[in-house]
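The structure appears below as structure tokens.
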Amino acid sequence: MREITPKRIREMKGREKITMVTAYDYPSALLVDKAGIDIVFVGDSLGMVVYGEPNTLNVSMEQMVFHTRAVAKAVKRALVLADMPFGSYEISVEEGVKNAMRLIQAGADAVKIEGGADHEELVRKLVRMGIPVMGHTGLTPQRYLRLGGYRIMGETEEEIEEILRDAKALEKAGAFAVVLEFTLADVAKLITEEVSIPTIGIGSGPWVDGQVLVWHDLLGIYENSPPFAKRYANLGEAILKALQSYNSEVKAGEFPGREHYWEFLDKKDFREKAQKALGRLGEK
Ligand SMILES: Nc1nc(=O)c2c([nH]1)NC[C@@H]1CN(c3ccc(C(=O)N[C@@H](CCC(=O)O)C(=O)O)cc3)CN21
Ligand SMILES: CC(C)C(=O)C(=O)O
Ligand SMILES: [Mg+2]
């Protein structure tokens, strides 16, 4: 059992801000855990930042299982959360249960589902079975086609009502937290006050119980980051410089240098061995 549990996350509301960052592979998950981040999150955003898709609609259960397994191997302390991808939980509660179990068996401590009111039954069933669930409302990227792109949510009375209904449904069904993505900050504040479970915001302002960012946005290794993401480093630039140095050093014959290879000290010894090896090959 890892140190950060859904119960701990729940208890952080009103006491300490919750931090969450995505990771999709072993080395990045090691670093997120080591940094003291509370939740290491295998998001379906991997479809975009790892696989180059224009949205998150083509992410499969297989991809989520493989990436979750790699991340889970690295994490000792943080809570490991895995996204349920598009198509893995909408058709029936049974399919949702089966797929959530696959993510748990791959090493996740909890799963995240987009939507709230529409999936109350699934959330309740998973929680009863012992699978902790995080909800997700506001901008739900899996509704990309209906929304006609990614945009801020909660401008109209109807949208505010929908977000409130989702958050309250999730609380009632037993979810341990809810992501509020790209809502007006006032709406996120209202939700945070209206529900007893922690709200984790992304692009929804400061009046929430925690924040989540995508690894590639935070580190500056993705060109199409959303406008609300903050770049804490410019690793894209650093990586490009390193690759250009390698390229020019190989072309110039400067790499590998003397410290990066091993040679026979006794050249005569080598010539004799090579002679014998060549001769033996010739006999065949
Ligand atoms: N790299 C990355 N970071 C994220 O935070 C993230 C993903 N990918 N993929 C899944 C969702 C999608 N997200 C997004 C992406 C773009 C905007 C956005 O508002 N972009 C433009 C407009 C784009 C459009 O017109 O479609 C903007 O300037 O508002 C918002 C949320 C947040 N999530
Ligand atoms: C944007 C976050 C919350 C997400 O769902 C993801 O990275 O997949
Ligand atoms: Mg997601």
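Glycine is treated like the rest: Cβ placed from N, Cα and C.
If you check TrEMBL, you get these features:
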| type | residues | note |
| --- | --- | --- |
| BINDING | Asp44, Asp83, Glu114 | Mg(2+) binding site |
| BINDING | Asp44, Ser45, Asp83, Lys112 | 3-methyl-2-oxobutanoate binding site |
| ACT_SITE | Glu181 | active site, proton acceptor |
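In the three-state DSSP reading, Asp83 (Mg(2+) binding site) counts as strand. In the three-state DSSP assignment, the secondary structure recorded for Glu181 (active site, proton acceptor) is strand.
Filtering Asp44, Asp83, Lys112, Glu114, Glu181 by Cβ distance to ligand 3 (under 6 A) retains the following recorded positions: Asp44, Asp83. Calculated from their C-alpha atoms, the gap between Asp83 (Mg(2+) binding site) and Ser45 (3-methyl-2-oxobutanoate binding site) amounts to 9 Å. Here the recorded positions are Asp44, Ser45, Asp83, Lys112, Glu181, and the one ringed by the most other CB atoms within 10 angstroms is Asp83.
Taking the Cα atom of each, Glu181 (active site, proton acceptor) and Ser45 (3-methyl-2-oxobutanoate binding site) are about 13 angstrom apart. Proximity to ligand 1 at the level of Cβ atoms, with a cut-off under 6 angstroms, picks out Ser45 from the binding-site residues Asp44, Ser45, Asp83, Glu114. Reported as a whole number, the C-alpha separation between Asp44 (Mg(2+) binding site) and Lys112 (3-methyl-2-oxobutanoate binding site) equals 10 Å. Of the residues the record lists as binding 3-methyl-2-oxobutanoate, namely Asp44, Ser45, Asp83, Lys112, the two whose Cα atoms sit farthest apart are 13 Å from each other. Mapped onto three states, the DSSP output places Lys112 (3-methyl-2-oxobutanoate binding site) in strand. Same-chain residues at least 6 positions away in sequence with a Cβ under 8 Å from that of Glu114 (Mg(2+) binding site) are, in sequence order, Met84, His136, Thr137, Thr140, Pro141, Gln142, Arg143.
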